[in-house]
Amino acid sequence: MITAFVVNSGSSSIKWELVDVDTERRLRGGIVERIGESGAAADHAQAMEGILGELGGENPSVIGHRVVHGGSEFTSATLVTADVEAAIERLAALAPLHNPANLAGIRAARAAFPGVANVAVFDTAFHQSLQPAAYTYAVDAGVAAEHSVRRYGFHGTSYNFVSGRAAELLGRPLTELKLIVFHLGNGASVAAIDGGRSVDTSMGMTPLEGLVMGTRSGDLDAGILFHLGRAGFSLAELDTMLNRRSGLLGVAGDGDMRDVQAAAESGDAASRLALDVYYHRLRHYLGAYLVTLGGADAVVFTAGVGENSAPTRAGAMSGLAWLGIELDEHRNDTISRNARVISTDASPVKILVIPTNEELEIARQAIAVLR
Ligand code: ADP
């Protein structure tokens, strides 16, 4: 049996799977959540040790690693060599929450499975199709070129998988479809996808820009940084504040969507505000990408919040019948693990919930590199 061991090391969780490459069946897998919180693994290295123990002597054909930032250097999945590892380490400056966790996974896997190929599958690769108008920041061109300042975009593995599934669900070829996909997890972004190619996305040079996230601010006026810098905040403090103490956590005091929803329902005003800001930002990007694409065939929700939070989907999609986007409240409220339509039958633009499967997408790409 040909198997791929998939390591998806995220900001607060590590998902892992052993996948039978031929049948695309998940043989074994698990998730370590809330890393860093009390009662859980202290850090990614400790979480990984536990996972490797659970694999118990299984020898995979290839190990596929989710790597968040590939810069402009990586436009597709790549065999991990010493040079590639050094590049991932260098690019950690652009993804401080993620690349170091990804590297820890690569190193632990290599130590545990000497001789098995490690393949890096980059979240940024899918968005290398962006045109200059979409990826260029209007800053000093010389500085931008020297310091690789441009929009890269993230969650590409998920967008790749989800857009393919959307085409299956709609029964139409992906090459004909205009899709707006909201990937809403702890990290969150949205992409405008035309014919299977990314044309715009909300995350930028780093995974900080765009939507409100669990602990990240998303969009803000860069002038705020100068204001706070003059008030005495150091660069390190600003980095920590925007990446780890902002978003839902910053506004509501809790970064987990389930907790924020529960608190808002029991009348907590800060949690209510956090949700309103979160929805407002979703709607802002929905409007922008409808114009960018010239309409849409479907709006798709995926990842932890997108798949499970009916209030979030309603907050983003309510009152849009005039645009041809009509949510069916009963369908939206129905709990399911399956890919499904949650718009009304009459809605010209379909609204879909599609569980992402980044692990399977990574397994597919890792084995393709090996072959
Ligand atoms: P990551 O980016 O770490 O992979 P996930 O895609 O697993 O994150 O999403 C985690 C988020 O999904 C958390 O904010 C969690 O609260 C949220 N979530 C999971 N289940 C639900 C639910 N039933 N209702 C609301 N939010 C949920």
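Cβ coordinates come from backbone N, Cα and C, glycine included.
Per TrEMBL, the features are:
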type	residues	note
ACT_SITE	Asp123	active site, proton donor/acceptor
BINDING	Asn8, Glu358	Mg(2+) binding site
BINDING	Lys15, His183, Leu184, Gly185, Asn186, Gly187, Asp256, Met257, Arg258, Gly304, Val305, Gly306, Glu307, Asn308	ATP binding site
BINDING	Arg66	substrate binding site
SITE	His155	site 'Transition state stabilizer'
SITE	Arg216	site 'Transition state stabilizer'
**Request:** For Asp123 (active site, proton donor/acceptor), find which of the recorded positions Lys15, His155, Leu184 come within 10 Å, Cα to Cα.
**Result:** His155
**Message:** What does the structure give for the C-alpha distance between Leu184 (ATP binding site) and His155 (site 'Transition state stabilizer')? Integer Å is fine.
**Reply:** 10
**Item:** Entries of Asn186, Arg216, Arg258, Val305, Glu307 which, being recorded positions, have CA atoms within 10 angstroms of Glu358 (Mg(2+) binding site)
**Value:** none
**Item:** Among Asn8, Lys15, Arg66, Arg216, Arg258, Glu307, the recorded positions whose C-beta sits under 6 Å from ligand 1
**Value:** Arg258
**Prompt:** Ranking the recorded positions Lys15, Arg66, Arg216 by other Cβ atoms within 10 Å, which is at the bottom?
**Reply:** Lys15
**Fill in**
Whole-Å Cα distance, Lys15 (ATP binding site) to Arg66 (substrate binding site), is 10
**Asked** Of the binding-site residues Arg66, Asn186, Asp256, Val305, Glu307, which sits closest to Arg216 (site 'Transition state stabilizer') by Cα distance?
**Response** Asn186
**Distance [Cα-Cα, Å, rounded] between Asn8 (Mg(2+) binding site) and Arg66 (substrate binding site)** = 5
**Arg258 (ATP binding site) and Arg66 (substrate binding site), Cα-Cα, nearest whole angstrom** = 25
**Prompt:** Distance between Asp256 (ATP binding site) and His155 (site 'Transition state stabilizer') at the Cα atoms, whole Å?
**Reply:** 19
**Item:** Residue pair Arg258 (ATP binding site), His155 (site 'Transition state stabilizer') - Cα distance, angstrom, rounded
**Value:** 22
**Pairwise C-alpha maximum, in angstrom, for the residues (Lys15, His183, Leu184, Gly185, Asn186, Gly187, Asp256, Met257, Arg258, Gly304, Val305, Gly306, Glu307, Asn308) that bind ATP according to the record** = 19
**Request:** Would you mind reading off the Cα separation of His155 (site 'Transition state stabilizer') from Asn186 (ATP binding site), to the nearest angstrom?
**Result:** 12
**Neighbour-count leader, CB within 10 A, binding-site residues: Leu184, Val305** = Leu184
**Request:** Using all protein chains in view, find how many other C-beta atoms are within 10 Å of the C-beta of Asn186 (ATP binding site).
**Result:** 22
